[in-house]
Ligand SMILES: NC(=O)C1=CN([C@@H]2O[C@H](COP(=O)(O)OP(=O)(O)OC[C@H]3O[C@@H](n4cnc5c(N)ncnc54)[C@H](O)[C@@H]3O)[C@@H](O)[C@H]2O)C=CC1
Ligand SMILES: O=C([O-])CC(=O)C(=O)O
């Protein structure tokens, strides 16, 4: 029997990420090739005509899974009945503006959109905030939508996670799909910490540690980290526009894994026959980690990250829920980096709250 359509909201849908994202959703990239969708697209009145143009193109593309399109500048109409909300709309920094001015504009946008989602979205709506400052916008949304469970509110750091996978795959000349379990810790900003200490590559001889295969700690602790941290700026320099196709693709990855589960990503450990991976002797029944991904989620104090921040952690997803991967060892180098990005998020939180008063 055909599935009922899922209603997916994209805010800022007339912008460049929106333009890359909505056809992916309508093609089933986000929710699967058998999942019909109804797209809700929100933008602001000056972008109404462009938004209508996007709607016309969606009709012209004749996507079989697309069962309806709502294109509106009315936040209540946009939020009504949505099961998934991808928040891409926001106020960009303009010449001569202070950080606080940008924060203040976004705090007021996320405060009002939080209330609309809380009142009008479907029960158990899952929210992904993409617009920058993504972690702090998500935190404000959480604060002003108290009846949406905090586990349903997240921000996008999957783009950074995918960038880290891409860098390792290029460096080792291996398929990106054979690299797994990098981690992005913290803020979606240049203080984020891309961590490869638990990352592995699938090889004919089993899974091998990235550190062992790269065999260049100076690169892994230096240029690799700064390349991932500053990839957004490098794209802006090259394109004169910020990342859009990779951001849209990462947003689909984030929601897909959250809703449909991370690959072999169970949080119930399962003993399997060892093929020699991680240098575990072949022939033993041994419990190996599955594949995790990075998501910005509400900190519960795991890894001594202050509770009450939206912070990027490694997570497994199963049955529509995420869980922070526990028990990973954190060395001294990593500890400092986890703390530094947490400090920045605490400062952003304080700045955001000062804009509310
Ligand atoms: N978390 C991540 O990994 C990434 C985040 N971003 C962020 O995503 C955001 C969007 O990027 P682009 O699509 O390139 O920007 P864009 O400027 O092309 O589009 C933003 C859209 O949001 C709309 N908008 C502004 N205020 C709104 C409101 N109150 N309600 C609804 N719509 C509103 C604008 O009219 C515009 O159409 C930016 O904040 C950018 O910094 C970009 C790349 C990666
Ligand atoms: O830096 C920006 O404005 C865009 C962004 O977040 C990214 O590409 O990671």
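Cβ atoms here come from the backbone N, Cα and C positions, even for glycine.
Keep in mind that what you see is a predicted model, and the values were worked out from it rather than measured.
What TrEMBL records for this protein:
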DOMAIN    6-153  domain 'Lactate/malate dehydrogenase N-terminal'
BINDING   12, 13, 14, 15, 16, 17, 18, 43, 106, 130, 131, 132  NAD(+) binding site
BINDING   93, 99, 132, 163  substrate binding site
DOMAIN    157-289  domain 'Lactate/malate dehydrogenase C-terminal'
ACT_SITE  188  active site, proton acceptor
DOMAIN    291-350  domain 'Lactate/malate dehydrogenase C-terminal'
Which binding-site residues from the list 18, 93, 106 come close to ligand 2, meaning a Cβ under 6 Å from one of its atoms?
-> none
Around ligand 1, within a Cβ distance of under 6 Å, which of the recorded positions 14, 106, 131, 163, 188 show up?
-> 14, 131, 188
List, in sequence order, those binding-site residues among 12, 93, 132, 163 whose Cα sits within 10 Å of the Cα of the residue listed as 'active site, proton acceptor'.
-> 132
Here the binding-site residues are 16, 106, 132; the one whose Cβ sees the most other Cβ atoms within 10 Å is 106
Counted with DSSP (H/G/I as helix, E/B as strand, rest coil), the domain 'Lactate/malate dehydrogenase C-terminal' (157-289) has 63 helix, 23 strand, 47 coil
Separation of alpha carbons, residue 93 (substrate binding site) and residue 131 (NAD(+) binding site) (Å) | 12
Per-region confidence, the domain 'Lactate/malate dehydrogenase N-terminal' (6-153) (mean pLDDT, whole number) | 95
Would you measure the largest Cα separation among 12, 13, 14, 15, 16, 17, 18, 43, 106, 130, 131, 132 for the NAD(+) site and round it to whole Å?
-> 18
Binding-site residues near residue 93 (substrate binding site) (Cα-Cα within 10 Å), from 14, 16, 18 | none
Integer Å distance between the CA atoms belonging to residue 12 (NAD(+) binding site) and residue 132 (substrate binding site) | 12
Cβ neighbour count (within 10 Å, all chains shown) around residue 18 (NAD(+) binding site) | 25
